[in-house]
Amino acid sequence: MDRPSYRYLILCLACVGFMISFSLRSAFIMTVTHTSRLEEEPNSFHNERSHLQRENRIDKFDHIWNSSIGNYSWEERPTNGSTVAKGQRVESLFYRGCTVYNTSRDYESGYGFSESVQFYSVYYLGMGPGYLTSAFILSKIESHYVIAAGFYATAVLHFLLPVVFTLSGSGVMVIRLLNGFVESAIQPAIVVISKSWAFKGEESTFLSITLVGTYLSPALASFFVGACLCYISWHASLYILAGLLLVWALLWHLFSYNSPLDCPQLSGTDMKRYKEEQNTGAKGFTSKGHKIPWRDILTSKPVWAIWVAVANKNSNLAAVSALIPLFFKEVYGIRAADSGLLLIAPFVSNSASLLLSSYISDRLISSGKLKTTAARKWMQCLGALGEAIFLICTIYVSDWRLAAAFLTLAQAMTGLCFPGFGCNTMDLSRHFAGAISGVVNTGTFMVFVITGIASLLPDHGGPNKWTVIFWINAGIAAFSSIFYLIFASGEIQPWGIGKGEENTERSSLVRTPHNEEEQPTSLAD
């Protein structure tokens, strides 16, 4: 009897690793939000809004926001001018009996809205040049080593971050910039790993399970980090998650392989199927031995269609992960720990939608009901347009519960986009999927753009600022769906075939409904 498929271990390891890594991002955002001076001044929103009303600088929806801000009660402002008096016990909206607030285990950084947003956005500024160099790195170093090195470095940087956070804002910027750079090659590398290990017809499902940790992590992190902020200390979550990531990186280093054929524990059944499908070679799906066609990649319309979709995904990520905690705090007066819990439902819905839509997409393609190009376009367009509609709804409701509900629906629609653009790089080329992924992921620069715009808007917490931010995100989502619909492709590109493999490569990648029905059971079955 054959042993269980080793690719399930690869799937689990990758999913858990991305879950921990992205949980660190959420932990940092919630920590910054918790320690910022805005955390201690929720009632200042009322005063600022009254001043702005007198100057007629609030739009006609102002009455909605006035009613919604009244739905959340806060401690009465002490006479000394601080929201919370020294030694006064502060209760959380969701957590009860918090023991950290206003004690020696708490911390007030003094950073404002602009600084908080910049700490987040500079991470993606570091990712830009990192993505551009990732193709070169992946052509020299095997993908599983790149992933391990990136997460080792991320863990070490997050051990340093709490100390530097109390000393220098500039130091925090440097660490975040470095963190973005070292992590930039990880996602292109996991695309290479997924292409190597996925059976034919399950590419979307395999990659979605691998990356579902990135979408589910904010939900898990929100509860965990909120509890740490309430019961342990303001920086405990950063240390705990960094330690877990360090352990995980060691396990990945020891048990992962770049190619199934490099794995000595591979079962006989899997070995036979990998060879039959010619889905991988002895060194996996790297670009080694092949000259990367940079000019063709950079001038390819399908590649740019993916880039626009990635930009939309990351503008949404910026709005939800970085700005929504600040949104709930400024507009509804909800603390970071509590707003983190409000983000659980959106990210759970996103993860469930991602997995379900990936399964459906793979089944539609493998059954011959939809061609790959049609399936990619349908998923991307439906998801992006739905996201745009619900983001707009979020800003024109009078209650924080309704805002959280519409945000949940927006994230559920975003999950539909993954089997559209998320797996599209693997369709265009077998050998250069990592290089293409590196190029299109420069679309993460949109996070820097969106958060940069947010930091430059008037820091008064009024609806005008949030209206601008949400409408920009909705506009990007709508544009991405139209652009992708026109220019995307799910077919292998002429430049995507390795030199000397024109005939064999095409024959191995062209699939028909007949030969797909003969495939053994896969993840999509």
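A Cβ is built for glycine as well, from the same backbone N, Cα and C atoms used for every other residue.
Not measured: the values here are computed from a predicted model.
Here is what TrEMBL says about this protein:
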type	residues	note
TRANSMEM	6-28	transmembrane segment
TRANSMEM	145-167	transmembrane segment
TRANSMEM	206-232	transmembrane segment
TRANSMEM	238-255	transmembrane segment
TRANSMEM	340-360	transmembrane segment
TRANSMEM	381-397	transmembrane segment
TRANSMEM	403-421	transmembrane segment
TRANSMEM	433-456	transmembrane segment
TRANSMEM	468-487	transmembrane segment
REGION	500-525	region 'Disordered'
Problem - Stretch among 145-167, 206-232, 340-360, 403-421 sharing the most Cβ pairs under 8 Å with the transmembrane segment (6-28) - result: 206-232
Fill in the blank from the handout: Spatial neighbours of the transmembrane segment (145-167) not adjacent in sequence (6+ beyond its ends, CB under 8 Å) are 14, 17, 21, 24, 28, 31, 35, 107, 109, 137-138, 175, 178-179, 182-186, 189-190, 193, 235, 238-239, 241-243, 245-246, 248-249, 252-253, 256, 258
Completion exercise
When counting C-beta pairs under 8 angstroms to the transmembrane segment (468-487), the leading stretch of 206-232, 238-255, 340-360, 381-397, 403-421 is 381-397
Exercise for the section: Determine which residues of the chain contact the transmembrane segment (340-360) at the Cβ level, with the cut-off under 8 Å and only residues 6 or more beyond its ends counted. Expected result: 26, 30, 94, 204-205, 207-209, 212, 215-219, 221-223, 225-226, 320, 324-325, 328, 334, 379, 383, 400, 404, 407-416, 418-419, 423, 524
Problem - Chain residues in Cβ proximity to the transmembrane segment (403-421) (below 8 Å; excluding those fewer than six residues from its ends, i.e. six or more beyond) - result: 68, 204, 208, 211, 215, 305-306, 309-310, 312-313, 316, 320, 324, 328, 332, 342-343, 345-347, 349-354, 356-358, 360-362, 375-387, 389-391, 393-395, 397, 440, 484, 488
